Amino acid sequence: EDPSLERHFRGHRDAVTSVDFSLNKKQLASGSMDSCLMIWNMRPQMRAYRFVGHKDAVMCVQFSPSGHLVASGSRDKTVRLWVPSVKGESTVFKAHTATVRSVHFSSDGQSLVTASDDKTVKVWTVHRQKFLFSLSQHINWVRCARFSPDGRLIVSASDDKTVKLWDKTSRECIHSFCEHGGFVNHVDFHPSGTCIAAAGTDNTVKVWDVRMNRLLQHYQGNAVVNSLSFHPSGNYLVTASNDSTLKILDLLEGRLLYTLHGHQGPATCVAFSRAGDFFASGGSDEQVMVWKTNFDAADYGEVLKTQKSGTSVDGTHHSLVEMDCGVHLKKTKTQDFGRNHEQQEDNSLANTLEHIMGQLDVLTQTVSILEQRLTLTEDKLKECLENQQKIIQNKAN
């Protein structure tokens with residue numbers, strides 16, 4: 001089954017800037033240029049909460065890992081921590097000297113990393129919002145900062161066209177990725193913590209290995225990419241672009257799977273739920289949409305099989321999907337029943353060819369990655385030999 005639109009939330013009065021699911025998927029938070037934070041209830045007939053407090057546009061929102069708090073950053077230079085209940089109480093702290101573009105909790109929920117137009121990335125304790133330290137090597141606005149899943153690294157993306165990788169303990173920049181041809185709007189860690197993906201105004205999504213600091217994948221689009229989110233299985237990536245589309249990329253096969261049309265105007269933000277069975281998107285059209293993932297459940301374990309059999313939230317399924325690169329083999333088998341015989345033969349031939357092409361792509365990619373690794377090994381070997389020779393010479397002297 002293709003991804004399908006599950007819910008539609010209207011209530012913001014300006015462009016939506018950020019979306020995030022709570023742990024249990026019962027709530028969805030969104031921030032907007034209208035200075036409000038909305039908490040939407042996924043269960044039907046449950047009302048939404050509108051939280052007012054920020055004096056200017058809300059640029060980013062995120063639920064804490066437990067779901068008991070929501071952090072928001074704003075153009076009013078502050079960060080707020082909200083309790084997502086009817087009262088909507090919040091504590092506020094002056095975090096930066098300019099717009100706060102990004103807030104992110106560490107996976108243990110103890111720390112918060114913020115990024116700002118003041119060109120810095122800051123780390124705070126969640127308890128009492130105590131400032132810990134600043135990372136300041138970017139030379140332009142910092143759009144996004146994220147902790148690695150194990151909390152040891154921080155990655156940041158900036159209008160200085162770089163993505164920087166930091167060591168949280170030493171507070172040093174370990175590496176700068178400079179391959180982007182434009183501003184870098186968004187960056188995030190792969191669930192395994194071994195890769196990062198970054199989205200840019202040069203219409204690309206790039207995936208890097210942070211152990212070798214090398215580019216693994218490069219996806220060229222036709223429009224500025226504003227946001228991205230990894231599926232919890234680590235096999236897929238969803239992106240939101242200025243051409244109003246959401247795109248699902250298959251990272252294992254290195255290709256585009258779906259293009260989803262739902263927003264009228266730029267799609268500004270996108271996020272998978274913690275289990276990966278839903279994803280949400282927001283746009284300049286003031287709308288928040290929730291999509292049912294519907295990928296093959298076998299791809300991400302038993303967890304979702306039970307959830308997939310549940311009923312849809314409000315029974316509506318507007319399928320807004322167009323296939324970009326044809327369909328998986330798995331998918332076409334089920335779709336072909338009940339058609340006439342000749343058509344089936346044509347289809348199966350086309351599918352087989354497509355599958356072969358897909359596998360060729362994967363092979364090509366694998367070969368290029370292997371080549372890169374070989375070069376790396378050769379370089380290391382050369383280095384070792386040179387060092388050995390130096391040692392021998394030193395001894396001889």
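Every residue gets a Cβ built from N, Cα and C, even glycine.
Taken from TrEMBL as is:
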REPEAT    9-50  repeat 'WD'
REPEAT    51-82  repeat 'WD'
REPEAT    93-134  repeat 'WD'
REPEAT    135-176  repeat 'WD'
REPEAT    177-218  repeat 'WD'
REPEAT    225-259  repeat 'WD'
REPEAT    260-292  repeat 'WD'
Note to self: Counting Cβ pairs closer than 8 Å, which of 93-134, 135-176, 177-218, 260-292 has the most of them with the repeat 'WD' (9-50)?
What the structure shows: 260-292
Notebook entry, point to check: Apart from its near flanks, which chain residues at least 6 from the ends of the repeat 'WD' (260-292) lie with a Cβ under 8 angstroms of it?
Noted result: 3-10, 12-21, 23, 25, 28, 30, 32, 38, 40, 42, 224, 226-233, 238-248, 300, 303-304, 307-308, 312-313, 317, 320-322
Notebook entry, point to check: What mean pLDDT score does the repeat 'WD' (51-82) have in the model?
Noted result: 97
Checklist line | the repeat 'WD' (93-134), counted residue by residue under DSSP: helix, strand, coil | finding: 3 helix, 23 strand, 16 coil
Margin query: Just to be sure I understand, if DSSP states are collapsed into helix, strand and coil, how many residues of the repeat 'WD' (9-50) fall in each?
Written below: 0 helix, 22 strand, 20 coil
